[in-house]
């Protein structure tokens, strides 16, 4: 009988969710709707890609070593955790009163060209006016709110994967 919650199937689920999320962002929101991603959106995508990369390695190579599985899990969790934190900050910026919204600044490309990485991170998390605007909603949720829900589901999936990694192996019943 096929178990949907096996280690490999859960990793494949993460890879599929990464592909769907990135495809939705790139093809629908950017190409079809014409939205340019703000710096916080770009950082969320980076986190999703990191998670997807580690999950892809785990799904393809299906390591037997618990240490390797835990390292891949930790890398994947770090990626999606990063994305969730950034999405949470993004949602917070969108719910600020209008008089507290930061002003628009130069784009991420300019910051990367002129500032050290530590300062770039500070500027991105400070937010800008473009990060606080709500351009599109679905079911009453903005894009960052939808992303935060997806990232929360993926974090719960990571907890299930951790359980699959560390749970003691159950002995198989003896054949009669």
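We number each residue from 1, going along the chain as drawn.
Even glycines carry a Cβ here, placed using N, Cα and C.
The shown structure was predicted, so the numbers you read here are calculated from the model rather than taken from an experiment.
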| What does Swiss-Prot say: are residue 38 and residue 139 on the same side of the membrane? | yes
| Any idea which of 71-88, 89-106 is down as transmembrane segment in Swiss-Prot? | 71-88
| remark: Students should find that the transmembrane segment stretch in Swiss-Prot, chosen from 12-28, 29-45, is 12-28
| task | Would you mind listing the long-range same-chain contacts of the topological domain 'Periplasmic' (29-46), meaning Cβ under 8 Å and 6+ residues beyond its ends? | result | 22, 79, 82-83, 86-87, 89-90, 93, 107-108, 111, 123-124, 127-128, 130-131, 135-136, 143-144, 147, 151
| task | With DSSP as the yardstick, break the topological domain 'Periplasmic' (29-46) down into helix, strand and coil residue counts. | result | 12 helix, 0 strand, 6 coil
| What are the DSSP helix, strand and coil residue counts for the topological domain 'Cytoplasmic' (64-70)? | 5 helix, 0 strand, 2 coil
